[in-house]
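Here the structure is laid out as structure tokens; the discussion comes afterwards.
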Amino acid sequence: MTINPVSRKVAWLRVVTLAIAAFIFNTTEFVPVGLLSDIAESFHMQTAQVGIMLTIYAWVVAVMSLPFMLLTSQMERRKLLIYLFVLFIASHVLSFLAWNFTVLVISRIGIAFAHAIFWSITASLAIRLAPAGKRAQALSLIATGTALAMVLGLPIGRVVGQYFGWRTTFFAIGMGALITLLCLIKLLPKLPSEHSGSLKSLPLLFRRPALMSLYVLTVVVVTAHYTAYSYIEPFVQNVAGLSANFATVLLLILGGAGIIGSLVFGKLGNRHASSLVSIAIALLVVCLLLLLPAAESEAHLAILSIFWGIAIMVIGLGMQVKVLALAPDATDVAMALFSGIFNIGIGAGALVGNQVSLHWSMSAIGYIGAIPACAALVWAVLIFRKWPVTLEEQPH
């Protein structure tokens, strides 16, 4: 099914609007990382107890990505986007009104449902809406939207929360989503479902050892990162003894470094994806091991955050490129699985960080995170040696 030809300007506008949507969806997933202390204070809870919200959100996305993708596989994509945006916006209004922690968690589950569907269809939609011959750039734009959520979305969300209260942050995200929805309604044509894959494509994907090995690598390395990253805001304030303002600056540095990672990957990713991902995982190991020693100084923490931000962006982009290259015949199913597996890692990391903080010491989150990071490094070296060509991006 082809889309009626439109001017390149309109085609790019459609892709840019999708990238803005990607920015909003990722901002809301990560913004609680910068608001944990404030939310805990307003509900008279410990920060580590509130952190369980991150795990619940991530695991709902993980569990629901594939079922929702299959349930909606025959649904016209424009209508599906409108429905999931309405759910997303309504859930943010509930977050804003949340009168206790349980209601806040319920609102986050609603957002996670919308998130699960959005990420399983977005990559293939961007490819369909892109101007002729600009598929790679369209995907790169979506990845940029995702990256900017870490760079700008999370720190801005934290600043808004700091000065106007965490509820205002969620309300603002909901309003941003409403404006984006109105743009999508105006810009998008009808988009009949295509190339979405079905349950039939699952056994096919499971029989691809290179792809399955990548999924294992994804869950292990993401668990490592989020063990420490989920609690970086309370770590900076409670362990390092630094100010709330510096915690905001650090999140900004960490996110901003992601842009450098994105540029590095854009330049070298097509030819050297395997080497780049391996180097980035090694860099992540070093950053996690040095997190506590670096906590003695603002400058050391800032420098460490630059390398940490570069590493995690290269890892994320590298995985995405490889998954799409290994499953061109079932992009939606492969990306739904990837999104699910990525979120299993986020939830697992946040849970490990939560348990370490509650039952041991928050100061140990870097060391504990380094354990799965080391395992990921060994696994990456092994699988990239076994499938050196298969795992490079293939032209399709």
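Just so you know, the numbers here start at 1 and follow the chain as drawn.
Backbone N, Cα and C define each Cβ position, glycine as well.
Listed features, source Swiss-Prot:
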- 1-14: topological domain 'Cytoplasmic' (TOPO_DOM)
- 36-49: topological domain 'Periplasmic' (TOPO_DOM)
- 71-80: topological domain 'Cytoplasmic' (TOPO_DOM)
- 124-135: topological domain 'Cytoplasmic' (TOPO_DOM)
- 157-168: topological domain 'Periplasmic' (TOPO_DOM)
- 190-208: topological domain 'Cytoplasmic' (TOPO_DOM)
- 230-245: topological domain 'Periplasmic' (TOPO_DOM)
- 267-274: topological domain 'Cytoplasmic' (TOPO_DOM)
- 296-300: topological domain 'Periplasmic' (TOPO_DOM)
- 322-332: topological domain 'Cytoplasmic' (TOPO_DOM)
- 354-363: topological domain 'Periplasmic' (TOPO_DOM)
- 385-396: topological domain 'Cytoplasmic' (TOPO_DOM)
- 15-35: transmembrane segment (TRANSMEM)
- 50-70: transmembrane segment (TRANSMEM)
- 81-101: transmembrane segment (TRANSMEM)
- 103-123: transmembrane segment (TRANSMEM)
- 136-156: transmembrane segment (TRANSMEM)
- 169-189: transmembrane segment (TRANSMEM)
- 209-229: transmembrane segment (TRANSMEM)
- 246-266: transmembrane segment (TRANSMEM)
- 275-295: transmembrane segment (TRANSMEM)
- 301-321: transmembrane segment (TRANSMEM)
- 333-353: transmembrane segment (TRANSMEM)
- 364-384: transmembrane segment (TRANSMEM)
Kindly say whether the transmembrane segment (209-229) and the transmembrane segment (275-295) touch, using the definition of 3 or more Cβ pairs under 8 Å where each pair is 6 or more positions apart. yes
For the topological domain 'Cytoplasmic' (190-208), mean pLDDT (0 to 100): 76
Return the stretch with the most CB pairs under 8 A relative to the transmembrane segment (15-35), choosing among 50-70, 81-101, 169-189, 275-295, 301-321. 169-189
For the transmembrane segment (169-189): best-contacting stretch of 50-70, 81-101, 136-156, 333-353, by Cβ pairs under 8 Å: 81-101
Under 8 Å, at least 3 Cβ pairs, sequence separation 6 or more: does that hold for the transmembrane segment (301-321) versus the transmembrane segment (81-101)? no
Within the same chain, where does the transmembrane segment (364-384) have neighbours whose Cβ lies under 8 angstroms from its own Cβ atoms, ignoring anything closer than 6 residues to its ends? I mean 6 or more beyond. 210, 213-214, 216-217, 220-221, 223-228, 231, 235, 274-275, 277-278, 281-282, 284-285, 287-292, 349, 352-353, 356-357, 391
With contact taken as 3 or more Cβ pairs under 8 angstroms (pairs 6 or more apart in sequence), are the transmembrane segment (333-353) and the transmembrane segment (103-123) in contact? yes
Take the topological domain 'Periplasmic' (354-363) and find every residue of the same chain, 6 or more past its ends, with a Cβ under 8 Å from one of its Cβ atoms. 46-49, 51-52, 55, 227, 230-231, 234-235, 238-239, 292, 295
